[in-house]
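Asker: Pulled these features from TrEMBL for this protein:
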BINDING   151  heme binding site
REGION    179-199  region 'Disordered'
COMPBIAS  180-199  compositional bias 'Polar residues'
């Protein structure tokens, strides 16, 4: 890899990580304001595990991570995935995908599929928690796609969101300054990412 290629790669990673992180945080804070009981669960967990400022390890905050995952599921941060090319004739179930076909994953459809997620329009972070309280990662949860071309911003986005939320929630609670957004406003604005409407 040349120095120029390395610079482009770093710029792509920074841009992708910054955009996905800011959109994740925007949706997360909106949902925490709309669901104060969930916010209180997350806040109490943060205060009990990390009462002081410092480095935060998301693996020790399963409720926070579950709330971030649920945010990324219910409002798919990247609703339409990056196109993939099929290298050989492939079958998925009874469907034939011919060699050379372009496949574009629609993460939004998977994350809102009622056959996969019970009441998909309901914000329920508990769907990402096992009975023992540990974090679950269902295979149907692919906010940044999956496989070799998975977005490198995945872990970066969650890591940054975890640290920023922990720091904020140690000191503050969030609430809406206006009336709750309408159902239409909660659909967001689609671009490369799905961003919330300003409230």
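Every residue, even glycine, has its Cβ placed from backbone N, Cα and C.
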Asker: In the same chain, which residue numbers or ranges, 6 or more beyond the ends of the compositional bias 'Polar residues' (180-199), come under 8 angstroms Cβ to Cβ?
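Answerer: Distant contacts of the compositional bias 'Polar residues' (180-199): 19-20, 23, 26-27, 30, 34, 75-79, 108.
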Asker: DSSP-wise, what's the residue breakdown of the region 'Disordered' (179-199) into helix, strand and coil?
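Answerer: Taking each residue of the region 'Disordered' (179-199) in turn, the totals are 3 helix, 4 strand, 14 coil.
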